[in-house]
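These come from Swiss-Prot:
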| type | residues | note |
| --- | --- | --- |
| DOMAIN | 5-172 | domain 'Era-type G' |
| REGION | 13-20 | region 'G1' |
| BINDING | 13-20, 60-64, 122-125 | GTP binding site |
| REGION | 39-43 | region 'G2' |
| REGION | 60-63 | region 'G3' |
| REGION | 122-125 | region 'G4' |
| DOMAIN | 203-280 | domain 'KH type-2' |
Amino acid sequence: MSEHHSGFVAIIGRPNVGKSTFMNRILGEKIAIMSPKAQTTRNKINGIYTTPDAQIVFVDTPGIHKPKNELDTYMDKAALSTLNQVDAILFMVEADEEKGPGDGYIMRQLAEVKKPVYLIINKIDLVKPDDLLPLIESYQHDYAFAQVFPISATMENNVDELLTALTDALPVGPQYYPEDQLTDHPEYFVVGELIREKILELTRDEVPHAVAVQVERMKDREGGKLQIEAYIIVERDSQKGIIIGRGGQMLKQIGIRARRDIENLLGDKVNLKLWVRVQKNWRDNNAYLKSLGYNTKDLR
């Protein structure tokens, strides 16, 4: 009987390189929200991948970028604080983007960490094979990576090979979570993220970064349905109007799409009620950020 391996693996990189898509593909379920808009992930989100021989807990971190407000500061600290708490690190970049200052900043942070770091070049389906080697060499010039894996998270190219390498590299250890558990976050957190994803999909560019979702209540199932009540938080009355839409149509569409994903995730019929609340400048209000679950003082 082979030894069982287990451990924690951080996924780090600039905003919008495909970290959440990668983790969702591996798990076969949507637990981290995806959007073409940058800075979608705000918290560290743990996804649990289990096989008979291993259990890998992937930590999907917020994209690292120059902070513009207290929320951005929280997101950067959340990502960087993960590095010393895991067994291995996946540094994800895009195959169709040249190495930039943001990548250099991340690699300087990685230089302080005594963990194996794997360079993951995502979206290889968007470039010609001959274009990959110069990109790989440019990254290897600046950092001694444990291994390099060109992958396509959407097409699942080379993902199995990466999982095998990670399994072999992780220490011998127990299975931390039941085999059917996909995340250690509570249901209300994942539900809030799925609602926020639909807002990102449907609203204009001026709204997404100013939006938060607070799930107030998930009641026991009544009449065969799970009752969920949530507030969508925005900073301005104009943003509230955009999210509600003419005759309430935008809010209705957000609810319809979110309910569909929530039902798929939880396996239950859902009655979802949404309201929109204006909280001016909430992204720079530490007390309000804490009430939403963001607390930079907890990050060291």
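Note that Cβ sites are derived from N, Cα and C of the backbone, with glycine treated the same way.
Owing to the predicted nature of the structure, the values given are computational and were not obtained by experimental measurement.
Feature map: annotations from Swiss-Prot on the structure.
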residue : record           : DSSP (3 states)
G13     : GTP binding site : coil
K19     : GTP binding site : helix
T61     : GTP binding site : coil
I124    : GTP binding site : helix
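If you draw a 10 Å sphere around the CB of G13 (GTP binding site), it holds 23 other CB atoms from the protein chains shown. Comparing the binding-site residues N16, K19, T61, I124 by how many other C-beta atoms lie within 10 angstroms of each C-beta, the top residue is K19.
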